[in-house]
Structures are given as structure tokens and as C-alpha cells.
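Q: Here's a structure for you.
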Amino acid sequence: MDITNRQAVLKNFLGNSPDWYKLAIMGFLIINPLVFFFVSPFVAGWMLVIEFIFTLAMALKCYPLQPGGLLAIQAVAIGMTSPHQVAEEIANNLEVLLLLVFMVAGIYFMKQLLLFVFTKLLLNIRSKTILSLAFCLASAFLSAFLDALTVIAVVISVSVGFYTIYHNVTSNHSDKDITDDSGIDNQDSHETLEQFRAFLRSLMMHAGVGTALGGVMTMVGEPQNLIIAKSAGWNFADFFIRMLPVTLPVFIFGLLVCLLVEKFKLFGYGAQLPERVRQVLTEYDQQANAKRTKQEKMKLIVQAIIGVWLVLALHLAEVGLVGLSVIILATSFCGITNEHSLGKAFQEALPFTALLTVFFAVVAVIIEQSLFTPIIQFVLQASPSAQLSLFYLFNGLLSSVSDNVFVGTVYINEARSAFEHGIVSLQQFELLAVAINTGTNLPSVATPNGQAAFLFLLTSALAPLIRLSYGRMVYMALPYTLVMTIVGLLGVEFLLVPMTEWLTQAGWISLPHITNGVAIPH
């Protein structure tokens, strides 16, 4: 049956997304300019933030790049922000974009080694509780020295590998796309696959939270940590020690949550690795070991050496540049010289890189319209004793709906400005820096918006395979969110001041001399 031009345009608009979703996006595009010009730019700015969060929440209905991008283009077009401000935000976050483009692609060329190591881990640790703890601890440790996005990229790569191996076997070795379950013809296989999905979901969430537990501890764990450390004049050791009064209790309780949710099967956790899947992975491992040639063994050794280089080099150059060196070294010594083979490595990260660039446009609107200014002013007007908790809570709240790099940067700049103008003392500024860092890193696990690693997981090729939606991520993160936020708040409120004083008296902390530029330690 023929359709009209209007119907054809509507069908093409956002493709196979539900009609109600298409109407919602069109509604946003109509309402936003009206509110901006006739009601209030401030209200329109907050509406844009909420609408962008909505597109992220509906990531499984439609990839957020298209609807979010349309909203961002309109925001620039009507004057909510300027192309210059967007370009400035992109320039400020160039490290993160380079990380996504090159580091994630670099990890792709180390997949053989990662699959080899994690298959051994998965098959040798039969207790799901201990395995979950191992994933959480490994992610926390790696995130203290690597960027959380890199760690998540590793775990995603491994999980896709596991899923592909089992899916190919259970769908009768079909060469079809692994997103297509039509080759699985009996009920038992479907149930096993669903259980395997639940198993992978729980491991991914434990690993994701692990990146937050480890990432908050060191100045290289998250991009905003570097900004905060630079502003306060702390080196690697200073930063680690100053954070300990808050981060150590949170780390311990975070691991406790990991054990409890697995043991009592709470919040979607507790799914075991199905025995059928274990058999398939064991057979795959045995066959792979038997077939492995000397050439392939040398590839694994080369990839292991490159892995060591990856960890050591992160302190020598920008993360993205290290990622580029990983691509060059891995492809050179593993014999990958075909352009088509190289291109596959970039497929996973580039859509998310584009989405993150759109996100920076939304951040530019937040800056241009001063959406966070009333909250910041309210916090700075509070008494010094209340400031720490308020900074922590408002940082956490705003980081859950915005980019934690942006929130951390805005707050540390405001705190630094308050110190330079004599509103807060040096000691108070340093305590505020701890509250800001922990506030941006801990409560932000509540939603994928707050943590770039969570957002990357949500929009990755793995999420639809294991049925990991925005809502499910929020639900599964809830026990961690509550415990980490509350323990962090108690640490800021009751432990931070006395422990910092004790560490200073014990000689573990030296007071920096802060100039008008950058803080410089004695």
C-alpha cells in the first residue's frame, strides 16, 4: 500500500523507535524554543537537561545520539549556548575523547589475552560470590591507576567474548548476528541464555561500581580528580592520604554490599553461571589451548607485555596517546596490517564519542544559563561546619544528572575563588576539596549520567545483548548508591576533620602553600 510523503517522513524519523517516543522528541523540539523565548531561559535550560536524561533512559528504544543531538543542535540554534562555548567544552575534555577513540580501540587488539585470562578466572572460581568480589576488586584496583572507561572497555570486551562463544554454540553454530535469537529453538536453551544474561549483568554492575570505588581514591582515577588535585596542590600520595578518611570506609562497605547482594540474591544479583554455559566455555578453552600455535602463543606474550606498558605509560603521557601507542604496538607485532581489520576496532567507541560530544553541548548550556549557580551560592552561604556535607550532597545530586567532570570542575573553581577572596580558610578549602572529590565520584553511581563508564556500558553493544537497560542499571546500582552515599556522608561529617588533623600531626600530610595560580606543595 502506498503511503503519503508525510507518512514516509514520519516513518524515517528516528527509524524503528516507537511512535510515542517520536512524538515526545518532536514535542520537546516544539516546546523548548517557546519556553526559552517567552517564559525563561533558565527553565528552558533545565528542561533540556531533563529531556537529555530522558533520551539516555530510553537508550534501548533509540540510541541517544540522534534525539539528544537534535535537542543540542536546536539549543545552539536558538541561542541557549554558542558554538564557541561548545567548542571550549570539547577542548576542555579532549583527553576523554582521545581516550575513547584510541584506548577503547587499543583494548580491542588485546582481546585474545583478555579472553584467555578472564576465561581462566571464570572457570576456576566456581563461587559466584567470590567471582563477583574478584571482579569488583580487580576493577577497583585497575581504576585507581587506569581511567574507569578503560577498565569498563576491558570488561565489556571480555563479556561480549563470553556471550558470543555461547550464543554461537546454542544457536547451532549459526553465523547470524549475535543479537538474533531465532536460531535458539527450544525452551531450555532460552532459559539458560536468560540466566547467563542475568549472570553477566551482575558481573558488569559489580565491575562498574568497582571502577567508582577505586577511581575516587587516586588523582588519576577520574579526570576531575586531576583538576581537584591541581587546584589544591596535591601530588599522588597527598591526594590518596587526604581522601582515605572517606574513601577507605566507603571501599570496605562497598565490598560488603557486593557480598550481601550476591549471597541473598537482592536487586537482580545472585544469578549463577549455568552449567551448560560452563561446559561450553570449558570446551572452548580446551579446544583453544589444543589448537594454539606458536605464533598465537607469541601474540599472547606480546599482548601481555603491551598490557604492562599500558599501566606504566599512563603516568608518562595523555591516556589517549597511550591508547594510540597500544594500537600501533599490538597491530605491528600481531601482524594486523589490513585497513578493514583496523576499522573494526573503532566501531564500538565512535558512536559513544559522538554522543559524549553532544553531552558537552548540554554542559555548555548548563554553563551559559548558569543552571547550577543558585545551588552553589546557597552552599557557600552556609556555615563552615555545614559546608562540607552540603558540598558533598549537592555535588552528588548534580553529578547524578550531569557530567561529574563538569560538576567537580565548577565546584572546585568556586571553592578556590571563595578561598582567594577570604570567604573560607586554607584548611577549610582543603577539606572542601575532599568533599567535592568524594561527592562527584560516589553518589554519581546512582545513574549512568553521572559516571562516563556507566554511560559507556549502557550505550555499548553489550547492553542490549544482556538486556541491561537504564532502569535496570539504576535499580541494580541502588544498594551501592545508598550505602556508598550514606557512608561517604558520615565520613565527611564525622571522620574527615579529626582524621585530617591526626594525619597532619603524625606528619603524613604537609600543608601546601597556595598561590593565586596553582597550589604548590612545600
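Just so you know, glycine gets a Cβ as well, placed from its N, Cα and C.
This is the feature table in Swiss-Prot:
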- 13-33: transmembrane segment (TRANSMEM)
- 98-118: transmembrane segment (TRANSMEM)
- 140-160: transmembrane segment (TRANSMEM)
- 239-259: transmembrane segment (TRANSMEM)
- 304-324: transmembrane segment (TRANSMEM)
- 356-376: transmembrane segment (TRANSMEM)
- 390-410: transmembrane segment (TRANSMEM)
- 446-466: transmembrane segment (TRANSMEM)
- 477-497: transmembrane segment (TRANSMEM)
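Help me picture these features in the structure, burial and contacts included.
A: Beyond its flanks by at least six residues, the transmembrane segment (356-376) meets 41-42, 44-46, 48-49, 52, 64-65, 68-69, 71-72, 75-76, 80-82, 85-86, 88-90, 93, 96-97, 100, 394, 398, 402-403, 406-407, 410-411, 414, 452, 455 of its own chain at Cβ-Cβ distances under 8 Å.
Note on the transmembrane segment (390-410): residues 49, 53, 92-93, 96, 222-225, 227-228, 359-360, 363, 366-367, 372, 375-376, 378-379, 382, 432, 435-444, 446-447, 449-452, 485, 488-489, 492 of its chain, located 6 or more positions outside it, place their CB under 8 angstroms from a CB of the stretch.
Under 8 Å from some Cβ of the transmembrane segment (477-497) lie the Cβ atoms of residues 205, 208-209, 212-213, 245-247, 249-250, 253-254, 256-257, 260-261, 266-267, 388-389, 392-393, 396, 431, 434-435, 438-439, 442-443, 445-447, 454, all in the same chain and six or more residues away from its ends.
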Q: Quick one: find which recorded stretch in 13-33, 98-118, 140-160, 239-259, 446-466 has the most Cβ pairs under 8 Å with the transmembrane segment (304-324).
A: 98-118
Q: Same chain, outside the transmembrane segment (13-33) by at least 6, Cβ under 8 Å from its Cβ: which residues?
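A: Same-chain contacts beyond the ends: 44, 47-48, 51, 54-55, 58, 61-62, 66-67, 70-71, 74-75, 78.
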